[in-house]
Amino acid sequence: WTNSINQANKMALVAWAKETGIDLVQINGQRRYGGPPPGWVGGPPPAGTEVFIGKLPQDMYENALIPLFESVGRLYEFRLMMTFSGLNRGFAYAKYSNRRSAKEAIAAFNNFEVREGCAIVVCKSTEKCELSVDGLATSVSQQELEAVLRRVTEGVLSITLYASPCQKRAQLAVVKYSSHRAAAMAKKTLMEGNMRLGGVQTRVDWLNPDLKQKLQLCKEKPSSSQVKGGKCLGVPKQAPLSPVLHNALDHLNTLCRRQYLGTPLFLTKRIQANPNGWLQFWCRVVIPGCPMPFSGFTWVRQDGPGRNGHEEAKVAVALQILRMLGE
């Protein structure tokens, strides 16, 4: 039955591929052109040459997209995410031969109408270079883990250990690599090798943005202290918001506007309050040009009478996002 869906456009794609000689390969839910393309000489392009393309009509294929994005520069690779039915999933990635072409693609095609009333989103793609390794024994030290990873993988830049948010009495490591390719090869090696440390089976995956933010927020979350009844309640250290924090919202809005990502949308919900006046909030920030929202928990102090803490929570989470974006 899937062959009958969007049949006309599928036939047009087949005819275009035959006419141009372009080879499209579908693997694991994505269809890829190039990487490298025919006639390419040398290694792959540097980081910063890939763009994310979102809000695509699901019945649009490479015969319309590749010529459009090649109009501003040579493509090294084009990846269209696909569904089982043969429709696309609404987003793709285009990797150019140089950074200048990627910037021109963002300037030319962000909010560009590929059809009447169908404006797409084009922004800089964040190439994944970080892995999460969950389920490490609590006895494993950072030095021991680093020694193992440097022995079996290449390009390790840094390792940070956290208490695992998913497993009791276990650790989670965030491992940063020198490139997306190095991280992908390490992920393949570690998953195929069923890595064990301290007799415990570990789980290796790409570092999810939500998990990354949660780990960073937990790292900055106040240490717990005992209260009556044996329960633990987080009590942050009392410290006023600095001018940098106050400017975080403006800074984030300016950054998103400069990179054509759209205006961030903040959602905040108060979870609890402790006796010392600190409030815990769940926050979610949706940036139109980013493929995934940012979400997590943060603690704030009410800034004066008549304030409910929501603005302070927005400022705190904006700062976290700026740190994640390297600002």
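Going from the start of the chain as shown, residues are counted 1 onward.
The backbone N, Cα and C atoms fix where each Cβ goes, glycine too.
What TrEMBL says about a protein is an automatic prediction, not a curated fact.
What TrEMBL says about this protein:
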DOMAIN    49-127  domain 'RRM'
Reported mean pLDDT - the domain 'RRM' (49-127): 93
Residue counts for the domain 'RRM' (49-127) under DSSP, helix then strand then coil, are 20 helix, 31 strand, 28 coil
